[in-house]
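Enquirer: My questions all concern the structure below.
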Ligand code: AMP
């Protein structure tokens, strides 16, 4: 029986979900972490609660894909490679070229590689993953699903920066956003849960995970999003600063005696956000615990996180001239009831009101606002793999 695999290759990781068709049930999922470093960790979940885990050096994504496929056979999850009829790859940057998911041919693969400037950590890894699958399974349906595609509907006034127009025209310097697959999925599910046509709704989707972004979805289309040219912009994240004044960079470089701008950007990407503010951790659970124990820096980090999300929600209510629903998703949005409550309580003037009892849940689809609230607050667990699966099915026909 045929199977479809969804692949999410990060800079040093490769995640997969294997679906049984036509049921679309999950047969197996897993992750290879620390690719290219010592002691890579390879984990596969399968069957009822079975887990395979091994630590070994895996030098690159090509070897990772070979090991993954071989292990799927060795564990009896697939009988041989030919059972896999389709593969969908998450690709971070699609630039202005890719407005929707697309079948991968040599031309598409070259373009994905050429877009490496926009996502230097991710697109090369995505391309290597694609090549590795092409080598092992050259005949199967192969689809690229772009993180930026959903945001290609943004109007010019929202995607252009106020810098000389030539920089956009000559170098494509503009806002692209990210997490598009997630924002698309949760906005569609929210409309279904609310029982209203997506076309009639103004929705603000808050994808709050280790990476976090907020999107204004008007009538099912992304009209603005908080991430920018790269995923560094927007709200405070686990290790990323989110928005800052660009003039701070030369000032800090001078003070810190940093001469390479890449080192400064690395600090903003890897050492800032909740981690840099709290000094405790990039993980929301750790920061919440530290704050509860009286750690003031951790409390300030939380307050800044809530505040930045609230500001973006306010902006997007203005952008769309209204809002019908605010959606929370991803690790923090799905699991932290207190985050949802504090963010919504602070913007109640707009007509949203959390029902504390309904809100006291994790990871289920649910309306968590009071019955008479003008603006609905909705919890939707994201499922980017499902979007990838659907696109492989659709384009493979
Ligand atoms: P993601 O990137 O979507 O996997 O989300 C990771 C983030 O979700 C981390 O900051 C986690 O601390 C956070 N998270 C996961 N579970 C919880 C929880 N129960 N309470 C608060 N934050 C959580």
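Just so you know, glycine gets a Cβ as well, placed from its N, Cα and C.
Per TrEMBL, the features are:
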- 147: active site, proton donor/acceptor (ACT_SITE)
- 8, 384: Mg(2+) binding site (BINDING)
- 15, 207, 208, 209, 210, 211, 283, 284, 285, 331, 332, 333, 334, 335: ATP binding site (BINDING)
- 90: substrate binding site (BINDING)
- 179: site 'Transition state stabilizer' (SITE)
- 240: site 'Transition state stabilizer' (SITE)
Enquirer: Got a sec? Which of 208, 210, 240, 283, 285, 332, the recorded positions, have CB under 6 Å of any ligand 1 atom?
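Expert: Within range of ligand 1: 210, 283, 285, 332.
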Enquirer: For the residue listed as 'substrate binding site', find which of the recorded positions 208, 240, 283, 285, 332, 334 come within 10 Å, Cα to Cα.
Expert: none
Enquirer: Rounded to the nearest Å, what's the C-alpha distance separating residue 384 (Mg(2+) binding site) and residue 147 (active site, proton donor/acceptor)? Just drop the number here, would you?
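Expert: Rounded to the nearest whole number, the Cα-Cα distance is 10 Å.
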Enquirer: Test of understanding: give the count of other CB atoms lying within 10 angstroms of the CB of residue 15 (ATP binding site).
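Expert: Its Cβ shell of radius 10 Å holds 18 other Cβ atoms.
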Enquirer: Could you round the CA separation between residue 179 (site 'Transition state stabilizer') and residue 208 (ATP binding site) to a whole angstrom and send it over?
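Expert: It is 10 Å, counting Cα to Cα.
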Enquirer: Can you give me the same-chain residues 6 or more apart in sequence from residue 285 (ATP binding site) with a CB-CB distance under 8 Å?
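Expert: Listed in sequence order: nothing, so none.
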Enquirer: Expressed to the nearest Å, what is the distance separating residue 334 (ATP binding site) and residue 8 (Mg(2+) binding site) at their Cα atoms?
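Expert: Residue 8 (Mg(2+) binding site) has its Cα 21 Å from the Cα of residue 334 (ATP binding site).
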